[in-house]
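As given in TrEMBL:
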type    : residues           : note
BINDING : 148, 150, 151, 152 : ATP binding site
DOMAIN  : 137-268            : domain 'AAA+ ATPase'
DOMAIN  : 358-428            : domain 'Chromosomal replication initiator DnaA C-terminal'
REGION  : 1-97               : region 'Domain I, interacts with DnaA modulators'
REGION  : 323-450            : region 'Domain IV, binds dsDNA'
Ligand SMILES: Nc1ncnc2c1ncn2[C@@H]1O[C@H](COP(=O)(O)OP(=O)(O)OP(=O)(O)O)[C@@H](O)[C@H]1O
């Protein structure tokens with residue numbers, strides 16, 4: 001619905017509130033809602049004379065409009081000629097200036113170089129759907145996750161896709177901090193109208209890290225109005241945050257409720273396979289022309305996978321280490337990688353090492369805890385409680401016995417592959433983070449072993 005339709009919708013509610021029905025029929029019924037200016041809606045009437053008569057009813061009409069549309073606007077009234085003179089001409093000039101506007105998109109973030117796995121599939125699918133048909137499917141699309149998991153990447157990928165398909169489309173990417181700063185400086189230098197025009201004219205608004213806006217009252221008010229105006233015009237809005245809408249502390253309920261009106265999706269920490277695929281993609285992008293062994297990729301994927309930024313950082317570190325200390329090497333093997341990560345990796349891993357423990361003691365302790373036999377732990381059985389126990393045993397061997405490589409642990413557990421051990425250790429670490437009971441079990445076994 002456009003502004004005039006929103007306004008007309010309120011007229012039946014306004015009419016009974018005006019004490020004199022002649023005033024309504026002669027002066028109010030035909031008012032035109034022309035545009036927004038800051039937090040105001042500009043109404044016009046054909047004659048300047050009418051302005052003085054209608055003015056006293058503006059606060060009452062604003063109240064009715066706001067309760068009808070759940071907004072916070074003031075109403076301002078101008079005659080048609082005043083409007084043409086003072087506003088419309090300027091607006092035309094400003095509209096002509098709009099093509100210069102910068103979309104702030106990062107061209108490096110596209111769908112092509114976004115690796116999809118279980119942890120991010122739903123968010124990627126929803127983002128692509130929005131990019132293919134903006135404004136029709138899911139608006140707003142709300143994407144949340146912990147830091148470094150790809151929200152900014154997806155937001156930019158949506159914008160880049162839309163612009164590639166139709167370069168005339170007005171797309172704007174802004175962090176919510178940028179939005180707030182932009183708003184404050186436009187208030188300071190008297191360019192709030194330009195600010196308004198810029199945001200209200202876009203086809204797709206991409207707002208990153210909305211959580212920063214929560215406690216900024218007037219910015220959040222302005223964002224709410226822009227949000228409503230774009231929603232009413234069926235424009236596409238995509239928002240990211242570090243938490244789901246309902247957990248956004250300080251955010252007004254009416255904004256939270258707007259956010260949940262569309263589609264909300266989350267991104268999880270990448271699992272082992274996705275982490276590895278991301279590393280491979282990054283190597284392809286970096287055009288690394290020397291071989292890096294599978295073991296090295298497995299090692300990084302299982303040790304530095306808290307988020308994708310950490311994965312990327314580890315890879316950069318490895319490539320840098322090769323540049324400085326491995327000029328003569330033709331490839332990167334696990335031994336070289338372990339050297340590159342010596343300080344960050346070994347210190348953490350060796351913290352709990354108890355050199356007098358044996359693999360058999362650990363297996364026995366875990367088996368007893370879960371009422372199983374050691375041969376069940378070593379077996380190929382896929383029964384869930386046996387798998388849980390086996391994974392924990394592998395994890396404890398890795399953490400409590402120094403210098404046990406993944407390859408050696410695999411051999412100790414019925415001749416398994418090193419990547420199976422890596423995945424198991426990764427799984428145990430992740431489960432401990434999200435399941436308190438599970439963590440307690442691992443800690444109890446560890447205690448029994450100490
Ligand atoms: N699935 C993926 N495939 C390829 N690269 C990814 C993927 N997910 C994240 N990345 C990369 O990881 C880095 C961090 O991602 P991004 O900045 O999008 O995270 P974020 O969730 O927005 O983090 P923050 O909340 O801290 O802003 C970027 O370089 C991005 O390209």
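The backbone N, Cα and C atoms fix where each Cβ goes, and this holds for glycine too.
In three-state terms derived from DSSP, residue 150 (ATP binding site) belongs to neither a helical nor a strand segment and is classed as coil. Burial estimate for the binding-site residues (148, 150): highest at 150, by number of other CB atoms within 10 Å. Same-chain residues with CB within 8 A of the center of the 148, 150, 151, 152 CB atoms, the ATP site residues themselves not counted, are 145, 147, 149, 153, 154, 240, 267, 308, 309. Between the binding-site residues 151, 152, the minimum number of other C-beta atoms within 10 Å of a residue's C-beta occurs at 152. Per-residue confidence over the region 'Domain IV, binds dsDNA' (323-450) averages 86 (mean pLDDT, predicted model).
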